[in-house]
Amino acid sequence: MKRMIALDGAQGEGGGQILRAALSLSMITGQPFTITSIRAGRAKPGLLRQHLTAVKAAAEICRATVEGAELGSQRLVFRPGAVRGGEYRFAIGSAGSCTLVLQTVLPALWFADGPSRVEVSGGTDNPSAPPADFIRRVLEPLLAKIGIHQQTTLLRHGFYPAGGGVVATEVSPVASFNTLQLGERGNIVQMRGEVLLAGVPRHVAEREIATLAGSFSLHEQNIHNLPRDQGPGNTVSLEVESENITERFFVVGEKRVSAEVVAAQLVKEVKRYLASPAAVGEYLADQLVLPMALAGAGEFTVAHPSCHLLTNIAVVERFLPVRFGLIETDGVTRVSIE
């Protein structure tokens, strides 16, 4: 019998990232875990619908036995079984992030006995989670370089707080892992601005694009009007394509916040990324830790290691026989497998 790993949910960023990472790693390694003080660092501690959906999805895919899987629970025991490929559908029942649920279960399906398709309904444009276009246009091309083949499709948008969106991913078992080397960003090839609107006047998007264009030379400016019943909602994105990597940044519009202020938040974030020679942005860095650890080698550079990144590394090192090294050099932090 494999030993039970004990995790403190209050460590590091103190949110749902510890739980999601532990679920992924438990499914992959077969190691059971107990986590206490779940989301202790949040205003509403314990499992929310999105986290509970991730737990139930993980349990279904690997036939796990679970204790504490209920709303508000701050303690969970997860004993995994064998991961099974197949077709799965999960509903969050709120505007909780579809992509964070997918992020939890897809790594285990890289080791399944056959191809899989996972469909999740809930929120797709959430201010605290990566949108589907980030997964599709930024993360998945990098995963393909590592040898991981999955394809995400956004079937319907669902903005916060209404939800109602649908995202699906098709994924195949991994034959072998390759090493990812992302030390240099390279020169910028082009930048693309994009605005999504649902039930929001078009002039909002035009003002947001104008704000982006006032700070950057945009090769493309796209405004997409979605059906009104998918809103109300508004998301502004800016994609930076460089020689070695494509990064994508986004901001979700809010009621009573002007278009100019929303877009200015995005401008600030992109300028912060471009001010450093690091290849990888803060949010992408979190998501490269697990696939890099599974490959057993690789490196990337990031401007500053976030609390999420350090938390992810700490959890990975509890489940896998790997050690990460973080070295500050030339104004960046180089993250690698030691």
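The backbone N, Cα and C atoms fix where each Cβ goes, and this holds for glycine too.
Every protein chain considered, the tally of other Cβ atoms within 10 Å of the Cβ of His308 (active site, tele-AMP-histidine intermediate) stands at 20. DSSP gives His308 (active site, tele-AMP-histidine intermediate) a helix state. As annotated by Swiss-Prot, active site, tele-AMP-histidine intermediate applies to His308, with the evidence given as sequence analysis.
Taken from Swiss-Prot, the feature ATP binding site applies to Gln103, Tyr283, Leu284, Ala285, Asp286, Gln287, supported by sequence analysis. Cβ environment of Ala285 (ATP binding site): Phe300, Val302, Pro305, Ser306, Leu309, Val335 lie under 8 Å away, each six or more residues apart in the same chain.
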Cα separation, His308 (active site, tele-AMP-histidine intermediate) to Tyr283 (ATP binding site) (Å, whole number): 8
Chain-internal residues, separated by at least six, CB under 8 A from Leu284 (ATP binding site): Val138, Leu139, Leu142, Glu247
Number of other Cβ atoms within 10 Å of the Cβ of Gln103 (ATP binding site) across all protein chains: 24
Remaining residues near the recorded ATP site, that is with C-beta within 8 Å of the centroid of the site residues Gln103, Tyr283, Leu284, Ala285, Asp286, Gln287: Pro130, Leu139, Glu282, Leu288, Val289, His308, Leu309
